[in-house]
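See below for the structure under consideration.
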Amino acid sequence: TEEKEQYETRHDFKTGEESFSWPQIKGTFSQKTDKKTGTKSNLTPFHCEKSFKEHGNLKVHMRVHTGGKTFPCQQCGKRFTQKGNLNRHMRIHTGEKPYSCKQCGVSFSHNGNLYRHMSIHTGGKPFTCQQCGLSFSHNENLKVHMKIHTGKKPFTCQQCGKSFSRKGNLNDHMIIHTGEGRFICQLCGKSFSQKGSLNKHMTIHTREKLYTCSQCGESFDLQGRFEDHMRVHAGEKPFTCQQCGKSFTKKSNRNRHMRKLHIHTGEKPHICPECGKSFDRNGNLNRHMRVHTGEKP
């Protein structure tokens with residue numbers, strides 16, 4: 001039998017505002033009634049400013065605040081606040097890809113991945129950093145980039161006081177103190193102190209390759225790599241060495257050439273998002289990041 005909804009109400013006759021309290025989800029909400037028309041406003045939780053017309057929709061929303069994840073995946077154990085999110089997650093296991101690109105036919109398991117893929121055809125980078133003008137094709141990339149400017153590090157290690165911009169980096173850092181590496185990636189051997197960190201790491205191996213070359217069929221997970229690859233087919237070499245005139249398809253190849261054969265440029269374009277230290281090569285930055293994450297090489 002379905003559990004009966006139980007909630008307490010309070011009415012303010014002066015303002016016409018009515019409050020609802022659910023003991024089960026520890027939430028209090030407001031609803032105003034127009035004295036002339038008798039029309040009721042949407043239910044609004046005091047936690048945030050979102051409002052809802054139906055109690056059921058409000059209850060689903062409140063799981064965001066209470067952390068209630070009542071829908072578990074039977075395959076991997078991951079839990080979700082809504083059944084719809086669980087259904088979308090299940091496509092990872094079933095391999096279902098219902099969203100197809102009308103221009104090239106490539107299919108995706110999530111609508112968001114299709115949306116990101118479409119930037120190949122449109123060439124758009126609509127997300128621009130207001131601080132430095134750098135543009136991105138995806139809003140997620142812009143958010144990660146902004147941490148360089150804001151310097152926000154809300155996740156602090158309780159043992160040594162070191163702070164991090166991402167919770168995952170803090171979790172990985174804790175290996176330094178605990179010495180634990182209980183969760184091991186079976187594909188590359190990296191070890192992690194928490195299962196969540198391992199799951200996040202696994203996306204490196206499993207994430208969809210959104211960008212497919214129409215000429216040779218090779219696929220790429222990042223738009224930048226796809227664009228570099230397409231220059232090989234087009235014969236484009238837009239990056240020229242100012243010292244000797246040699247041209248390259250990739251900026252990184254031109255910079256590497258400059259460092260090896262000509263006077264050192266002093267350029268250090270690879271910046272650590274945790275401490276701001278700069279490096280001339282991406283590989284050096286990756287090795288440096290192990291100091292923050294505690295990952296084993």
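Any Cβ shown, glycine's included, is placed from N, Cα and C.
Caution: TrEMBL annotation is automatic and unverified by curators.
Annotated features in TrEMBL:
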type	residues	note
DOMAIN	48-70	domain 'C2H2-type'
DOMAIN	71-98	domain 'C2H2-type'
DOMAIN	99-126	domain 'C2H2-type'
DOMAIN	127-154	domain 'C2H2-type'
DOMAIN	155-182	domain 'C2H2-type'
DOMAIN	183-210	domain 'C2H2-type'
DOMAIN	211-238	domain 'C2H2-type'
DOMAIN	239-269	domain 'C2H2-type'
DOMAIN	270-297	domain 'C2H2-type'
With the domain 'C2H2-type' (127-154) as the reference, which stretch in 71-98, 183-210, 211-238, 270-297 has the largest tally of C-beta pairs below 8 Å? 270-297
Any chance the domain 'C2H2-type' (99-126) and the domain 'C2H2-type' (183-210) are in contact, meaning at least three CB pairs closer than 8 A with a sequence separation of 6+? yes
Per-residue pLDDT averaged over the domain 'C2H2-type' (239-269) comes to what? 73
DSSP composition of the domain 'C2H2-type' (71-98), residue counts helix/strand/coil, works out to 12 helix, 4 strand, 12 coil
Using DSSP, how many residues of the domain 'C2H2-type' (211-238) fall into helix, strand and coil, respectively? 12 helix, 4 strand, 12 coil
